[in-house]
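In what follows, a structure is listed as C-alpha cells, so that the remarks can point back to it.
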Amino acid sequence: MVVLFKAGSLGPATNSFIIAATRRGQIRLYNILQDTTIPEPKRKYIPSSGTYPKGFRVSGTHVGVKAANTKYPDLALISSDKPCTAAAAVFTTNKFQAAPVQLSKVTLEQRKGKGIQSVVINSGCANAVTGKGGLEDARSMAAKVDECNGTSEPSTLVMSTGVIGQRLPISKILDKIPTAYSNLASTHNAWLATARAICTTDTFPKLISRTFSLPSSPGITYSLAGMTKGAGMIHPNMATLLGVLCTDAPVDASVMKPLLLHAVSRSFNSISIDGDTSTNDTIAFLANGAAGGQTIASSTSQDYAALQKVLTSFAQSLSQLVVRDGEGATKFVTVRVQNSPCYDSARRIASTIARSPLVKTALYGRDANWGRILCAVGYTDGVTEGTVVPERTSVSFKPVDGSPTLRLLVNGEPEVVDEERASAILQDEDLEIIVDLGGGDKGEKGLGGEEAVYWFCDFSHEYVTINGDYRT
C-alpha cells in the first residue's frame, strides 16, 4: 500500500512532500531531510563520527529554495582555508548541461586545476535549462563565495540539484551565503549537516571518511572525506548525482584529473538506478596538501598508485550508498561480468544488465528469470566481435550468506534450477549476479581475464509513485 500526503495537508510540522511506502517503511521528503524521516534500515549507513581532512571546513544552511522548506538546510558550502593545490571534476555528458556545470567547467579550465578554494551547492532547484539568466545566477553564487574568501579571482565551483527548468530564488541564496560562510566548521556534525543540505529525494545523507598513508611519508596520516547525493535519475556517464571528495594529501594539479577519472569510471560511472543521465551530474575532487609530505606529481610514482587505489575504493563505497538509496529500491545488486577478452566489453554488458527494466522488475518480484539477464547480454551494443559466445556463456546467483553459488546457465546450457532456493536467495536485500563469458572466442574457457562490476537496484511500484508525484 502506498499513502500520499500533499504539501500542507498535515499541518505546518509536516508541510512537505511525503511519499511513504509501508512495504519497507521508506519515506521520501523532497528536499527536506530530517532525522525523524530516515527509515530505520537506512540509519546504519549514517556515520556517527569521522576523520576529516585538515584545512577543510563545511556548513549546511537553510535558505528555503523550495517554499515548502521552512527550516531545513538546502545550501552546502565546502571550503579550504587556503586555495587547493589541485582540483578536478568530472561532469555530465548530457547535452543539456546545467548552468553550474557550464560555469564550473570554465572555472577549472581558467585556473588549470589550481587555486580552487570552495564548492557551493544548492538543493531544491537544478538551475538547468534556464538560459542566460540561469548562468548569471550561477556566476553570482560563485562570486559571492569568492567575496567571502577575500579573492577577486574565480575560485569557487557551483553545483545545483532539483527540478529542471526553474530559476533559482537567487536573492535568497545570495543573502544566505555570508551566513553559510560564517557557519563553516570542521566537526563531524558540520560535515553531516552539509551532506544533508544537498539531498532531494534521498532518504539519508551520504557521507564517509577514511584515513590512509603514502609510501613516501609513512609517518603522516592523511584523510579523505566525501559526500554525495542521488536516489533517482541515476545512470551517470560523466555522465540527479553530485559528489565532493576532499583530501589533505599534497597532489599536483597535473595528476589530479587522471586520478579522478580512474576512480569515477569504476565507481560513480558503474552504478545505475533508472538509466537516466542527469543534466547536473558533477563529481569534484579537491586536495589542499594541508597534512604535508611529498607532493604527488608523477603518475608513475608509488604514491600515485597508492592514492589511486585508496581513491577508487573510497569512491566505490560512496557511490554504492546512492544505489542503496535508489528511489523505491528493495535490492542492492552487484553484477559481475568476468572472463571477457576486454574490459570495455565487460563493462558495456554489465551496464546493459543494470539498465534493463525487465531484469530490475524480475528481481523486485523475486523471480529468478535468468533469461532476461541473458537477453540483455545478447543485445548489448558496442562489444568487441566474438566477446559473447552462447556456448561459453554462464549465469549464476551468488548468495550473500556464503552458501554455494546457484548456477542457472552453464556453457549455454540451462541448469535444473531449485526454484525454492532461488526464491530464498532473492529474499535478501543484497545479491550478486555473475555472468561468465568464458573468454569469448579468444581461446579455451577462462583465457579472457578481464572483469567489470556494476551496482544497481530493482524497480518497484514505489519508484513509479515517487516520480509520478515529483512536482506535485
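Just so you know, glycine gets a Cβ as well, placed from its N, Cα and C.
According to DSSP, E327 (substrate binding site) sits in a coil region rather than a helix or strand. Per Swiss-Prot, the feature substrate binding site maps to T200, K229, T240, E327, N467, T472; the stated evidence is sequence analysis.
Summarising the annotation, Swiss-Prot assigns active site, nucleophile to T240.
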Once DSSP output is merged into helix, strand and coil, T200 (substrate binding site) belongs to coil
Counting across all protein chains shown, how many other Cβ atoms sit within 10 Å of the Cβ of K229 (substrate binding site)?
28
